[in-house]
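According to TrEMBL, the protein carries these features:
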- 30-57: transmembrane segment (TRANSMEM)
- 46-292: domain 'G-protein coupled receptors family 1 profile' (DOMAIN)
- 64-87: transmembrane segment (TRANSMEM)
- 107-124: transmembrane segment (TRANSMEM)
- 144-166: transmembrane segment (TRANSMEM)
- 186-212: transmembrane segment (TRANSMEM)
- 233-256: transmembrane segment (TRANSMEM)
- 276-294: transmembrane segment (TRANSMEM)
Amino acid sequence: MKHCFYNETVGFFYNNSRKELTTYWRTKDVLVVALGLTVSVIVLLTNLLVITAIVINRRFHYPIYYLLGNLAAADLFAGVAYMFLMFHTGPRTAELSLKTWFIRQSLLDTSLTASVVNLLAIAVERHQTVFTMQLHSKMSNQRVTILIFCIWVTALLLGLIPSYGWHCLCALEKCSRMAPLYSRSYLTFWAVSNLVIFLIMVVVYTHIFIYVKRKMTRMSKHTSFHPRYKETMISLVKTVTIILSAFVICWTPGQVVLLLDGLGCKSCNVLAVEKYVLLLAEINSLINAIVYSYRDNEMRSTFRRILCFVCYRNSRYTPTVVKLNTTDRRTLSQNGHFTVDSSI
């Protein structure tokens, strides 16, 4: 019969995994917490701005923007989870109960998983709209709601599994070095799952990239080729490139480190880069808000409306840019050219 260590302290498991647990604040700890809190606050504010913009502007009441809002909500949650971590790290880690430690990790796992799965949903939605020559998906509000619900159920399951059994409290030899209460097999599973999602996203966006490049090459040979269409396509290519680059740079290092730890690599000094790869993954929550929202003219206009509310409260909001864009889209439609939302 296995002997479980439910009554032991967090320090007991850290000692078992040979992970350093300090009892005083070092300069490195202070810098990590200060940087982490700064990033968390920026992530909270930017994603809250995105959610507010989507709620108040009826032009954003389409499936892709609902998914964008859900991504912002996931990143907002990630900011809260990371802030909770910053308030319960360093010397404070030793004071945590096992329950609080699991809550700390579950918040991170759930928020990061929700963000990744939502990114995949957006990639698939964009693939569908680009290849069916639509500006917006014809997905019903009910289906979008079900999809968002499934995203959060998946994230919650993956985030809460360790707390409800997939840990190493009854098998110390299986404990992870980076997360001393987690089983290495769980880290392997989580890392592989995310890497598979990454691969699917890369394939989807690469397919979009190749399609757009070929479309531009074919259309440029026609004299009736509308300049607005070319501008839209180039913008889309740039956005796809930024998305892929930011995603790979921010997420891949952390997943590789988790996988190495999960596989029990003895020669890999995963603890030396642990905090930095986690911060890098958190920064992606900030980049998401910028890439998926700021490149949209209408979104930027709505941001200005929100941020300059005092200046605009006595005057009605008339989005001139939107009217021009709407006219451009109508013109393109009459000329037989398809246009897509270049922001996503």
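Including glycine, each Cβ sits where the backbone N, Cα and C put it.
Contacts between the transmembrane segment (186-212) and the transmembrane segment (30-57): absent, as fewer than 3 C-beta pairs lie under 8 angstroms at sequence separation of six or more. Only residues 6 or more beyond the boundaries of the transmembrane segment (276-294), in the same chain, are considered here, and those with a CB under 8 A from a CB of the stretch are 32, 35-36, 39-40, 42-43, 46-47, 49-50, 53, 68, 71-72, 74-75, 78-79, 82, 108, 112, 115, 119, 122, 239, 242-243, 246-247, 249-251, 253-254, 257, 300, 303, 343-344.
As a whole-number mean, the pLDDT of the domain 'G-protein coupled receptors family 1 profile' (46-292) in this prediction is 85.
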